[in-house]
Amino acid sequence: MPDSMESSAAATLNGVAPHPFPGAATSRPARRRLRKALGLLAILAGLVLGPPLAIWSQSWIDTNFGVVQPGVAYRCAQPQGDDLERFIDAHGIATVLNLRGGKPEDQWYAKEVETVQKRGVTYYDLPMSATKRPERRQMLWILDVLRDAPRPILIHCKAGADRTGLASALQKLVIQGEPPRQALSAFTLRHGHFAWGPTGVLHEPILEYEKWLNERGLNHQPSRFVEWLERHYDAPDGPFDPQTRIPPPVGPRSSRPSNDADETSIHLNSTPSRR
């Protein structure tokens with residue numbers, strides 16, 4: 001450090017001011033090349049950072065709201081402020097499916113529970129991970145809600161991108177009868193789903209089902225997807241036991257562990273056979 005200071009001082013004393021920025025002493029053509037390179041870097045930065053910033057705006061400013069099936073199913077990020085009240089008023093929401101989990105001490109959870117109770121809205125609660133392979137029972141549980149709960153249903157997680165994308169894809173596959181390729185439209189960059197990131201595990205089951213159909217020359221049918229899910233899906237929770245049914249969805253709980261994107265905790269007990 002002293003050597004550099006002495007060099008700068010010597011340069012100033014000799015009538016040559018030290019250059020404040022690297023490259024300031026380069027030739028004009030070199031500076032033009034540098035400006036061009038910096039311009040290209042700025043463009044690349046815009047291309048790379050633009051979509052995430054747009055997604056951030058969509059997810060956190062505009063609630064990442066979307067229509068899965070008009071009058072039947074909607075999706076969003078975690079409702080803030082009076083968002084949930086507005087969605088209930090605008091779309092007649094009869095059921096909220098929360099895929100985050102939560103506990104009464106969490107301000108967002110307490111407010112959400114207060115709102116649904118005040119408005120007479122059914123509330124279902126499934127804590128699941130945004131970065132771990134979905135369990136078979138979790139997807140079957142979601143299908144139970146989508147099929148049996150009062151409609152319209154509002155599906156949400158934290159960002160409304162990945163767990164919400166999975167539930168929306170299941171809605172498209174089984175309730176609407178759309179083929180896998182169309183159901184995958186529930187996972188979009190617009191809603192914040194990055195297929196190449198750790199949250200990509202949530203759309204893998206749909207791709208695997210599509211591959212299974214293609215290998216056998218089969219067309220999609222809602223009942224066929226359920227059969228594949230029960231018998232062929234490589235699930236992290238092990239083989240499907242037809243004698244064990246997922247319990248009915250649960251509403252707000254008085255106490256439970258907090259669960260969010262990097263945690264998964266679903267508490268299931270053996271009950272009569274799955275219908």
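Even glycines carry a Cβ here, placed using N, Cα and C.
Residues or ranges marked as compositional bias 'Polar residues' by TrEMBL: 1-11, 266-275. Taken from TrEMBL, the feature domain 'DSP-PTPase phosphatase fused to NAD+ Kinase' applies to 74-186. Annotated region 'Disordered' per TrEMBL: 1-28, 236-275, in sequence order. Per TrEMBL, the feature transmembrane segment maps to 37-56.
The DSSP breakdown of the domain 'DSP-PTPase phosphatase fused to NAD+ Kinase' (74-186) into helical (H, G, I), extended (E, B) and coil residues amounts to 55 helix, 15 strand, 43 coil. If you average pLDDT over the domain 'DSP-PTPase phosphatase fused to NAD+ Kinase' (74-186) in this model, you get 94.
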